[in-house]
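**Q** The following block contains the structure, expressed as structure tokens.
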Amino acid sequence: MSIVYLVSITFIFSVFKPITSCRVEECAAWFQKTKDYENLVPKATERYCQVLQTYLKCMNDTQRYCHGNLRFHSSELIMRRHWKEFECEKWESCNDNSHVKRKHVNTCYFNPPPSNRKLKYCSLFGDPHLIMFNGSVQTCSEEGARPLVDNRYFLVQVTNRNVRGEALTTTVTKVTVLVRKHNCTASLRYEASSDEEGLPRGFVDGTTFQMTSKHSVEVLWQDDNYVEIALHFIHSSIHIRRQGPYLSVSVRAPTIVLETGGDVARELCWSGCRKSSRIPAELAVEMTKKFAECYRRRVHVPKKVAEDRCKDIGNIGVFFDACVFDLMFTGDDYLVHLSRAAESDFRRLAPHHFQSHVTQQHARFQKENQHKNHINQSEIFKKCIPSKSIRFYPFLAIFFFALLSLLC
């Protein structure tokens, strides 16, 4: 009976174990990258103390998950010695109740402007199509909420749902941006939903910017269909567009900012869509009938008509392909305008990456076309609609608890 009990408890805890863990590696990585990026050396300077303070705050936040972690305790001890040795407390803001005049510190430091090579760009638009940080392009069909980008400074979460009632036809209907508390900003939240009449003009608390010597964060509202959330202190920006019942979102940020995140496997911009939800959009356009039958999709617009329409608005490359796919299988001109806006944003926000992206995609398409005649078309579209997964874990847990009650 004791063996059964132990096995059961072990199983249950393995299923429901918490996902939290010690983030000492993440804190150390951020600290080291910031030092390297700014050429900081350990000495009694205001900037080094400010970075050290942020590092110690990171360590303090993860302390309860690091009991018994030798690296955590040794690193924290060394850094606290630095804090004391360099008299970093003198750089802290003075107490409002104190009558002793101390040097007041401006704790908000803007990062140096990054070069084009150190900028990353990611975009999600249409039915939906994903351009990842590495330049890869995917077309997916996922429902529910998932982080697009998640790091120490901000989180962008997208919610996809089916708005047309057709199989595997999803699009972005909600974008949530969380700006995390930092020396340059308080915690801020922005929410955009396709159900609303237009994009909000500010954060949910009613503010539109964070005041420092210059605005560190601000909402740059253009009109009901386009808004930019600018994080000036880290040279990052989030761009949200709206067309009818659809939203699109793009993120531009330096690599050093993006790499302060934790589990990048969950982020769409880094790891992409789940394999089970990816759709071969290029083949779908070429083999329309087989795709439509396998994915239970209706062809709303003939291929030639869709191509002419997308050429008329000036789309090229992957944006042309996305436009054709969306128009063929939805017939919705709103998505045509979103693909055009997505291309325009890419050109404007990351021109260096846009040119290399077009070149790489052209080379990839040429290679794919060389092998297209060798593809066994009968093997491409099979079992396209995944069966609904059954979640066994809760039922198994209940079963084991019932078994324990009978045996004890």
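Backbone N, Cα and C define each Cβ position, glycine as well.
I grabbed these lines from Swiss-Prot:
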CARBOHYD  ASN60  N-linked glycosylation site
CARBOHYD  ASN134  N-linked glycosylation site
CARBOHYD  ASN183  N-linked glycosylation site
CARBOHYD  ASN376  N-linked glycosylation site
SIGNAL    1-22  signal peptide
TOPO_DOM  23-387  topological domain 'Extracellular'
TRANSMEM  388-408  transmembrane segment
**Q** When you tally the Cβ atoms that lie within 10 Å of each candidate's Cβ, which of the glycosylation sites (ASN60, ASN134, ASN183) has the highest tally?
**A** ASN183
**Q** Would you mind reading off the Cα separation of ASN183 (N-linked glycosylation site) from ASN134 (N-linked glycosylation site), to the nearest angstrom?
**A** 30
**Q** Going by DSSP, is ASN60 (N-linked glycosylation site) part of a helix, a strand, or coil?
**A** helix
